[in-house]
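Report on one structure; see the data block that follows.
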Amino acid sequence: MSQTQSRTDTTTLKLQGMSCAGCANAIQKAINNVSGVEECEVNFASEQATVQFNPEKTSLETIQGAVEDAGYGASVYSQEDMMTGRGDAEIVAREAELKDLKRKIWVSGVISLILVVGSLPMMTGLDLPFIPPWLHNYWLQFVLTTPVQFWCGSHFYRNAWKAFKNRAATMDTLVALGTSAAYFYSLFATLFADFLIQQGLTPQVYYESAAVIITLILVGRFMENRARGETSQAIRKLIGLQARSARVIRDGETKDIPIQEVEIGDMIQVRPGEKIPVDGEVTQGYSTVDESMVTGESIPVEKSVGDEVIGSTINKTGSFQFQATRVGKDTVLSQIVQLVQQAQGSKAPIQNLADQVTGWFVPVVIAIALLTFVLWFNIMGNVTLALINMVAVLIIACPCALGLATPTSVMVGTGKGAENGILIKSAESLETAQKLNTIVLDKTGTLTEGKPQVTDYVTTFGTSNQNELKLLRLVALLEQQSEHPLAEAVVDYAKSQQVQFNGIVEDFNAITGSGVQGTVSDRVVRVGTARWFNELGIKTETLAEKANQWEAAGKTVIWIAVDHELEGIMALADTLKPSSVDAVKALRTLGLEVVMMTGDNEKTAASIAQQVGIPRVMSQVRPEQKAEQIVSLQQEGKQVAMVGDGINDAPALAQADIGIAIGTGTDIAITTSDITLISGDLQGVITAIELSRATMTNIRQNLFFAFIYNVAGIPIAAGILYPIFGWLLNPIIAGAAMAFSSVSVLTNALRLRKFQTL
Ligand SMILES: Nc1ncnc2c1ncn2[C@@H]1O[C@H](COP(=O)(O)OP(=O)(O)OP(=O)(O)O)[C@@H](O)[C@H]1O
Ligand SMILES: [Cu+]
Ligand SMILES: [Mg+2]
């Protein structure tokens, strides 16, 4: 048996022609039916489908074909297209649709007005002499309404037909059925008026209802479309940040070239006030750079030789040269756009409910509408009342707002996050973040700068400078092999003391969470924690008092032993980030329990925790135990967020309900966290949590708005209140309510754009 390697490709398709969540369901079904498709998620708000498929079993063309067969359009959309502005096609298409809608609204609006005026005497039962009676001529009304019904309302029919072919029913089905019922009943009354009078019935027409409903729904759709364009504004803003050209130095010549032509390794010149075109490393010069558009951090950052610069950020005062390290779709900005787009296309768990409801909603509504008709006709024997109530039910029940409620807020919320330098991986993360009640902060690099420095150094053999330097040489040789931040600090210190780095380390071994050991000139050197030395049986008493003092001051002490004898200790201090104290305070104000976690010893940890105001500390946690510690917090019934630098804390970040990676400059892609803070500022954690709370509140409001129209509207439209109060719902009011429900949901979602942190 031959074994074929199975591969999975993930592609984003841009969809066209959807009018409600029912359409999204239909497309999702169609794509899932293609064999070779592993997973598919269709998002109505962002109008995109994320498809995972096996390229050996199916192709993109097949998938696109399936979407087209279902009656919709799908175009493939690459990251490059997105960044080079082909995404504007979406805007152009939207503009065209808006223009078409506007024209139809004018026509149907003016005609509706004439019809309503003409029907006023009949509707109100008043004698209105200024309205000429011929305005209420059935045939005139018929002539006026027909173009509204079949031209302005044409796409309701078209979409309803598409849905019907897919054995589905969408909001268009409801609108088409509802207005057709009103129109054709009126036509019947117009044609057979005499016959109806002979039968003792009053021939009534409802042309104005059909026309007004169509007008209102078109207005609703117009506003919906316009607002939807605004929800994706954040992404367009990000894309718009890109520079258009770069000033490269090739073969000693400086020339301006389009940004697409920049290659990795190119030398690029940046002058004051210019946009940095791509990502790279400074090779010459010095300047300050405003990175706020990417990191959300407003203070300009100093850049000198060796520092990384991010494309699309703005150079302030100085002028410098840098070498391009990432171009095209690999740049930080491009990756941010990709991440935000993915997040915007993802589904929040809270949406499942809405989706399920919309799935069976339309058929149920049609059933209720028929039942309404039958009951009214049988009980009241009045075909007119039966008909208008049925129409009212069909119109008010439209579930379109329900489909918009969650995704629009998610789009605005995640976009808002990106504006503040907060990348939220998915709608699910956004939803989970608001449930958090415990936040675990890593000490090194999260609360502190993560750049420790040696502050003290003593040995057991007094102050003979010679011997101290000899020992320092051994320590430094060993630490040179280690990648730990403490090790780097020790090496820097040794260099500053003019230590000669000659010598070979054999049998080097790093014991995570404990220290390092190795053999130099046949002597076994160990540098690490007291706990480790105690385990090895190395006596630490002689310097214990000194170490205690340092640790109480919040310094990390590392112990040095040669051939199983303690020979010295060294203290390293790491400065707190300036924002840490305020951030911890704010997190506690938000009602979160704040915990500090570190591999450092108890006393140092306690001292730092006290300085930043954290009551609960988990110290001496080995790297591999960090995830277990998160589990134990979760077992206490807590919803835990872990904040770390995302590299050595990865398992803990993954274990936590929400893993928040503190940015390490430009490595956004490697983090597997739920939320990434591009700037290393803890303030971002607060913003993220607040944003998630604001978004979820917004979603709940939206769901309320969306549900209330349907839930309250259907029984009223069916005439439940008629026996008690004599109330009926005029189909026109139903049309207005339904148009307004989508608009109110969108308007509410867009309010999120004004979100601001404490
Ligand atoms: N290369 C090293 N040289 C000296 N000591 C080390 C080295 N690596 C680890 N240690 C010792 O082990 C301890 C625990 O290290 P670990 O990496 O688990 O945590 P940490 O970096 O100090 O703190 P955090 O968990 O907040 O990042 C350190 O505090 C230090 O005392
Ligand atoms: Cu609708
Ligand atoms: Mg560490």
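Positions of Cβ are set from backbone N, Cα and C atoms, glycine also.
Please treat TrEMBL annotations as automatic predictions, because they have not gone through curation.
Owing to the predicted nature of the structure, the values given are computational and were not obtained by experimental measurement.
Taken straight from TrEMBL:
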DOMAIN    9-75  domain 'HMA'
TRANSMEM  105-126  transmembrane segment
TRANSMEM  138-157  transmembrane segment
TRANSMEM  169-193  transmembrane segment
TRANSMEM  205-223  transmembrane segment
TRANSMEM  357-379  transmembrane segment
TRANSMEM  385-406  transmembrane segment
TRANSMEM  703-725  transmembrane segment
TRANSMEM  731-750  transmembrane segment
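For the domain 'HMA' (9-75), DSSP puts the residue distribution at 22 helix, 24 strand, 21 coil. Counted over residue pairs separated by six or more positions, the transmembrane segment (205-223) shares fewer than 3 Cβ pairs under 8 angstroms with the transmembrane segment (703-725), which leaves the two as not touching. Sequence-remote contacts of a segment are chain residues at least 6 beyond its ends whose Cβ falls under 8 Å from one of its Cβ atoms, and for the transmembrane segment (385-406) they are 19-22, 24, 44-45, 171, 174-175, 177-179, 181-182, 185, 206, 209, 213, 224, 347-348, 350-351, 354-355, 357-358, 361-362, 365-366, 368-370, 372-377, 427, 699, 702-703, 705-707, 709-710, 713-714, 716-719, 728-731, 733-735, 737-738, 741-742, 744-746, 749. Beyond its flanks by at least six residues, the transmembrane segment (703-725) meets 350, 354, 361, 365, 368, 371-372, 376, 385, 389, 392-393, 395-399, 401-402, 404-406, 734, 737-738, 740-741, 744-745, 748 of its own chain at Cβ-Cβ distances under 8 Å. Each residue in the domain 'HMA' (9-75) has a pLDDT score, and their mean in this model is 84.
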